[in-house]
Amino acid sequence: MFFIIHSLVTSVFLTALGPQNRTMHFVTEFVLLGFHGQREMQSCFFSFILVLYLLTLLGNGAIVCAVKLDRRLHTPMYILLGNFAFLEIWYISSTVPNMLVNILSEIKTISFSGCFLQFYFFFSLGTTECFFLSVMAYDRYLAICRPLHYPSIMTGKFCIILVCVCWVGGFLCYPVPIVLISQLPFCGPNIIDHLVCDPGPLFALACISAPSTELICYTFNSMIIFGPFLSILGSYTLVIRAVLCIPSGAGRTKAFSTCGSHLMVVSLFYGTLMVMYVSPTSGNPAGMQKIITLVYTAMTPFLNPLIYSLRNKDMKDALKRVLGLTVSQN
């Protein structure tokens, strides 16, 4: 499904953002400055980001393989987790490869269409992540607060429907804001002092003020961030209340272990998002915005397998079984 959406959206956006549809735009490319500094410092930064990226692909890829190959993990909880890990691979890949190329390149340019395509996929994948975190919290709520009804509610069919809603819904949220921003006149300068194509720097480069477009983007960001966040908060309020009523200490520990890992992921992801996109960003220096962006574009996908998935005993056992199967076949 992701590849179908990717192909359709790419062709549509390349047509919509092509030169023939941008008669008012004098800028044909942007310059992404990224982290600029001494060459030795940039080399260290490149090595750090590259290792982080490869480990992220390895960790999340291992989770996807474990969920797919181990029948014991063919349950709603792990199907959601496998999709989440697959999402993280594409989320970090939407920005980090271009970031790595920019560090090594003397010419740090990105085309007008390429900039807005990166903008679209980065924000759409981030929105999909918000939706998945909300659905995963709902799944834990059903499992802990309504265990007797859980098998009849969270069926395989319903789980697949939720997965499809997350993917499709995430990619349908941002076309309107992105098209509105792309139609603004950009007559120069074209330097974006950021790691990625972000709405804040793009608004600053526009030749005219666009308060209505800024308001639409701010409203979209707030709704997409706070809607799923309030859903997660509600689910875990009920979960924590139910866990505290469990008489067995071992049962409480197991429930808190699973939910605690998910809450760590939610806190890390949503904390940086709210600082970046909900609070006014005009007061934040460019360096601080880059650090915050690096946290939720690279650090969060890297840490998710460690603090959420790989701490799970069933997942670790599945990874060992999959590794053993691979070794025996070779």
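Cβ coordinates come from backbone N, Cα and C, glycine included.
Judged by Swiss-Prot topology annotation, ILE192 lies across the membrane from VAL322. Counted over residue pairs separated by six or more positions, the transmembrane segment (73-93) shares at least 3 Cβ pairs under 8 angstroms with the transmembrane segment (158-178), which defines the two as touching. Beyond its flanks by at least six residues, the transmembrane segment (158-178) meets 1-2, 5, 9, 13, 76, 79-80, 83, 116, 119-120, 123-125, 127-132, 135, 199, 213, 216-217, 220, 224 of its own chain at Cβ-Cβ distances under 8 Å.
With DSSP states grouped into helix (H, G, I), strand (E, B) and coil, the topological domain 'Extracellular' (179-215) comes out at 16 helix, 2 strand, 19 coil. A simple way to gauge crowding: the CB of CYS115 (disulfide bond) has 25 other CB atoms within 10 angstroms, across all the protein chains here.
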